[in-house]
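Asks: Below you will find the structure I want to go over with you.
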Amino acid sequence: MAADGFVYRWLLFGTTIVLLAEAAQRHTASDNPSTYNIGGVLSNSDSEEHFSTTIKHLNFDQQYVPRKVTYYDKTIRMDKNPIKTVFNVCDKLIENRVYAVVVSHEQTSGDLSPAAVSYTSGFYSIPVIGISSRDAAFSDKNIHVSFLRTVPPYYHQADVWLEMLSHFSYTKVIIIHSSDTDGRAILGRFQTTSQTYYDDVDVRATVELIVEFEPKLESFTEHLIDMKTAQSRVYLMYASTEDAQVIFRDAGEYNMTGEGHVWIVTEQALFANNTPDGVLGLQLEHAHSDKGHIRDSVYVLASAIKEMISNETIGEAPKDCGDSAVNWESGKRLFQYLKSRNITGETGQVAFDDNGDRIYAGYDVINIREQQKKHVVGKFSYDNERAKMRMRINDSEIIWPGKQRRKPEGIMIPTHLKVLTIEEKPFVYVRRMGDDEFRCEPDERPCPLFNASDATANEFCCRGYCIDLLIELSKRINFTYDLALSPDGQFGHYILRNSTGAMTLRKEWTGLIGELVNERADMIVAPLTINPERAEYIEFSKPFKYQGITILEKKPSRSSTLVSFLQPFSNTLWILVMVSVHVVALVLYLLDRFSPFGRFKLSHSDSNEEKALNLSSAVWFAWGVLLNSGIGEGTPRSFSARVLGMVWAGFAMIIVASYTANLAAFLVLERPKTKLSGINDARLRNTMENLTCATVKGSSVDMYFRRQVELSNMYRTMEANNYATAEQAIQDVKKGKLMAFIWDSSRLEYEASKDCELVTAGELFGRSGYGIGLQKGSPWTDAVTLAILEFHESGFMEKLDKQWIFHGHVQQNCELFEKTPNTLGLKNMAGVFILVGVGIAGGVGLIIIEVIYKKHQVKKQKRLDIARHAADKWRGTIEKRKTIRASLAMQRQYNVGLNATHAPGTISLAVDKRRYPRLGQRLGPERAWPGDAADVLRIRRPYELGKPGQSPKVMGANQPTMPMPMLGKTRPQQNMLPPRYSPGYTSDVSHLVV
C-alpha cells in the first residue's frame, strides 16, 4: 500500500507539471497574434500562384501550425527597377504587417532588385528568405542583416572542390578566378576550409599558383604562360560563362585542354559553348526549381514561428515605413530562429550557417562529353546516416581530356630532379677531390654543396649505401638527377617562429627537410628517419631499411696495472692475510717456548738438547706453509704448536685455492660485453654524474625523446650533452669521454662491426625506418615506393646491407677475438716480476749490508786477536821465566836433599781446551802429579825426559822406577805438546799456581 501511494503521488506531481506547462503555453499563445501575413516578391505568376497554394496547404499541417494560428499570403511582382521594388515593398507588404518576405528573381535580371528588398526589409528587421540569389554579397550580415537563402552561394562550391580533390588524390592545384567579389570569396573559402578539412583526410592539396583575372576578358594568353611553367596540371576555375569561353579558347591554343590536364569548373563556366571534352563541373540540384524552394522557405518560416510562439511573445510586425517602426525586436529574434532550422524539404536537407546561407545543398558532378553533352558521373549529397555531406563519383564513367579513361596524374612529372644527401657513414661517404683530380671514381658521384657560391664546392665525391640505391633507383624509374650535399650538414628540425602579425607560432624547418618543404629540392636520398613530425610536411616512400634506436658504448675493460695479480683479493683481505701470517708465527713461537715439551734431548746421545723454535724460525715456518714451500728445519716441537701449524696449513690451502680461482676469473675469463642493459636501465633513467649519454640535437632521435613523456627526465639531462654530428659523438665514445651514445641502430651496428672495442647495448626501441623524402604531393612518390618494394623482393637491399653495413671480415675477426680465451701478458703480470725483482734487489742489498758488517766485524776481531796474541806472548814469557826459576829452585832443592819430595798438587797444569779438547778432557784441573806414567810423559817437555830407558830426573827415590819406552818409536813427535802446555802454563794467568 505504501508503494502504491508513492506511485500515486508521483503521477499526481507529473500531471500537475504538464498542466502548468500547457497553461503557460496557452497564456503565451494567447498573447501572440493568431494571424501571420507572409509576403512574397516573386518573379512570375506561376511562382505567385504556387506561393499562395503552399500557404493554404500549410494552414492544414498541424505539425508546423499551432491551433488557432492562420497564415495569409501577400505577394507582389519583382520589378527590374530596384527603386520601384522598394516602394512596392513599403506600400503593399509592410503596410499589411508581413512577418517575413520570400524573394525570387530571374537569373538574367541581376541582383539589384533582390538587394533592394533585402535593404528595405532589413532596415525594419523583417526576415527575408531568398530562393534564387547566390551572390557572395548577400552573405555580408553588415549589409544584409536579415537575409537568408535556400540556395548556397557560388563560393560554397569550394567545399565540393576539396571533396573532389580528395577523391582523386590530387595534391597540387592551380586556382583561376575572377577579381570580383564572388571570385575572391571562392578563393578565400578554399584556403580557409582546406586548413580544417585536411585534418580528417590523408591527402592534402596545396595551391601552387593563383591566377586572378579581370571580368570581361578579351585574352587569357599571358596567364597561360605562367600556368604552363607550373608543375600542377589540375585547374580549379571560377568564371562567368563569357569569361570561361575566352579562357577555354586560349587554353586550347596552348594545348592545355588535352591529355594530362584536369579542369574542374563552377556552374557558370560549365555552360560555356566551347567547354572542352573531359571537363568536370558542378551543378546545383534543384537550382531552377522555384516551386521547391518556395515550399521549403515557407515551411522553414512556419517551423521557426511555431517554436518562437511556444517560447516567447511575438510582437506585431511594422505597419509602415515610418520611423516609429524601426526597432522590431521580434523580427531580430525570429531571424535567429530561422537560422537554427534544419528540416527535410523538397530540395533536400535545409539548414543554414551563421551567415544565413544554405548548407547541405546537393550537387551533381557533370562530365562534358562530345558535342557539349553533360553527363552526370557523381553526386555530392547529404548522408542521413552520417549526418554529413558525402561525395560519390563513378570513376569508370568519366572521360578525361584527350578522351582518356585513365585518370591523369594531375601534375607534370619532371624527369630531372634535384637530389640532396648528407654525409653519414656507411650510407654516404664524402671525399674531397684532390688538386690533380678531375672526376670521381666509377662507384662515386659528384656531390657539391647545395647552393654553394664557392668554386671549390664542386670538389666532392660521394659513395655508399644511399648512392648505390640512388643509382639503381634512377635506372628503374627513369629519371636523371643532380646530387648535392646538405648546405648546413643537418637533417633538419623545426623552429617555432612568430610571423609578422600572426597570433600563433608556425614551424619553420631547417636542413634537408627545409630545402624540401620550401621546394628548393625534389628528393632526399639519405638515412632519413620516418617520423610523424616530418611526415606532416613532406612525403616519404616506403622504408628502404627498417631500423630502430639503440645505444653505443665502449666495451668495459679492466685496467691492467702493475698490481693486477692482487686483484683477486680486496685490499682488506690482503692486509688480513699479512697480519695473520705474523700473528700465527708469534703464537707458534709462544706455544713452543712455554710448552714443557718444547725442548728435549735425544736419548742415548752425547749431544746437547735440541734448541726450541725461535721467533725468526716461526715466521719462516708460517710463510713457508702459506707459500707452499718445503720446510726443512725450524718446525714446532710441542704438540700444541703443531696443532696450530696444521690449522694454519689448512687455512693456507683455502687461501691459495681461492686466489688461484679468482685470478683466473679476473685475468683470463671473458669480460662482460656491456655495462648498460638498455634504454630502461635505471642508470639512464636516473642519470648519475659519472654516466653521460647524448644524441644529435635536432635529429629524429631527439624528436623521439621529446615525444616520449616517460623519457622526459632523461631527455632534460642529456639535452645539454647533445652533439652537432654523430661522428663527433662516436669519437668521444671511443675516447671514453662519452659513456652512451643514443642513435640509429644501422649506424651504430656498423660502428660496432668495424671496431671490436665498441658494442651496442640492449634491445632496439623506437622502431622506424629510413625512407626517401619527397615534396608533399610529389608525382614520384608512388613510383619510388614501388621500386623500393621490388628492391626488397629481389634481394638488392640485402646486398647493400652486406656490402656497406655488415663488414663480414671485420665482424668475423671480432667474433674470433671474443671467443679466444684471454691470455695473461706482461701487462697483467708485470707486478709479479717486479715483486721478484724487489726480492732480488732486497737480497742483494742485504748481502751487501752483511758483507760490510762482516768486514767491520773481521777488522775488530783482528785487532782483538793481535791484542790477545801480544798478551799471550807476554804471559808466555812470564810463565817461562817462572818455570825456569821454579825448575832451578827444584834443582837446588834436589841437590840439597835427595830425599825431599814435592807434593804433586803443587804444580798446576793448564790445558788449552780449544786446541786440544781431548787432552783437556783427560787432563782436567782435578788431576795432578803423580798420575799415570803415560800421561806424565805425554805432557812433559823433551828436555825434561831422560834418555830412553832412564827414569825422569824429578822422580824421587821412594817412588818406583818405571822404564820408559822410546818416544820416537812409541809416541810420534807431533803428539808432543807445545811449550805452553807444559806444567805451570795456562792461558789465564789467574789459574797459574806454582
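In case you wondered, yes, glycine gets a Cβ from its N, Cα and C as well.
Got these off Swiss-Prot a minute ago, pasting:
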SIGNAL    1-23  signal peptide
TOPO_DOM  24-570  topological domain 'Extracellular'
CARBOHYD  Asn255  N-linked glycosylation site
CARBOHYD  Asn311  N-linked glycosylation site
CARBOHYD  Asn342  N-linked glycosylation site
CARBOHYD  Asn394  N-linked glycosylation site
CARBOHYD  Asn451  N-linked glycosylation site
CARBOHYD  Asn478  N-linked glycosylation site
CARBOHYD  Asn498  N-linked glycosylation site
BINDING   Pro527, Leu528, Thr529, Arg534, Ser700, Asp744  glycine binding site
TRANSMEM  571-591  transmembrane segment
TOPO_DOM  592-648  topological domain 'Cytoplasmic'
TRANSMEM  649-669  transmembrane segment
TOPO_DOM  670-828  topological domain 'Extracellular'
CARBOHYD  Asn690  N-linked glycosylation site
TRANSMEM  829-849  transmembrane segment
TOPO_DOM  850-994  topological domain 'Cytoplasmic'
REGION    971-994  region 'Disordered'
COMPBIAS  984-994  compositional bias 'Polar residues'
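Describe the structural surroundings of these features, if you would.
Replies: Look at Asn255 (N-linked glycosylation site): DSSP puts it in coil.
Neighbours of Asn311 (N-linked glycosylation site), defined as other CB atoms within 10 A of its CB across all chains, total 12.
For Asn342 (N-linked glycosylation site), the same-chain residues lying six or more positions away in sequence with a CB closer than 8 A to its CB are Gln349, Val350, Ala351.
Around the Cβ of Asn394 (N-linked glycosylation site), the number of neighbouring Cβ atoms within 10 Å comes to 12.
Its Cβ placed at the centre, Asn451 (N-linked glycosylation site) has 11 other Cβ atoms within 10 Å.
The DSSP secondary structure for Asn478 (N-linked glycosylation site) is coil. For Asn478 (N-linked glycosylation site), the Cβ neighbour count at a 10 Å cut-off comes to 8, with all displayed protein chains included.
In the three-state DSSP scheme, Leu528 (glycine binding site) is classed as strand. In sequence order, Phe491, Leu512, Arg534, Phe540, Tyr770, Gly771, Ile772, Gly773 are the residues near Leu528 (glycine binding site), counting only same-chain partners six or more apart with C-beta under 8 A.
Using a Cβ-Cβ cut-off under 8 Å and counting only residues 6 or more beyond its ends in the same chain, the transmembrane segment (571-591) has close neighbours at 598, 613-615, 618-619, 621-623, 626, 636, 638, 640-641, 644-645, 648, 651, 655.
Confidence annotation: the topological domain 'Cytoplasmic' (592-648) carries a mean pLDDT of 71 in the model.
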Asks: Reduced to three states, what secondary structure does DSSP give Asn311 (N-linked glycosylation site)?
Replies: helix
Asks: Applying a 10 Å Cβ distance cut-off over all chains shown, what neighbour count does Pro527 (glycine binding site) have?
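Replies: Here the count is 25.
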Asks: Tell me the coarse DSSP state (helix, strand, coil) of Arg534 (glycine binding site).
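Replies: Note: Arg534 (glycine binding site) is helical by DSSP.
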Asks: What number of additional C-beta atoms lies within 10 angstroms of the C-beta atom of Arg534 (glycine binding site)?
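Replies: Step by step: centre on the Cβ of Arg534 (glycine binding site), count other Cβ atoms within 10 Å, giving 26.
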Asks: Pop the Cα-Cα gap between Pro527 (glycine binding site) and Asn451 (N-linked glycosylation site) into the table, whole Å please.
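Replies: Checking the Cα atoms of Asn451 (N-linked glycosylation site) and Pro527 (glycine binding site) gives a distance of 21 Å.
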Asks: Inside 8 A of the center formed by the CB atoms of Pro527, Leu528, Thr529, Arg534, Ser700, Asp744, which other residues of the chain have their CB, for the recorded glycine site?
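Replies: Here the nearby residues are Phe491, Ile530, Asn531, Ser699, Ser768, Tyr770, Gly771.
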Asks: Count, for each of the recorded positions Asn255, Thr529, Ser700, the other C-beta atoms lying within 10 angstroms of its own C-beta, and report the residue with the smallest count.
Replies: Asn255
Asks: What number of additional C-beta atoms lies within 10 angstroms of the C-beta atom of Asp744 (glycine binding site)?
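Replies: There are 27 of them.
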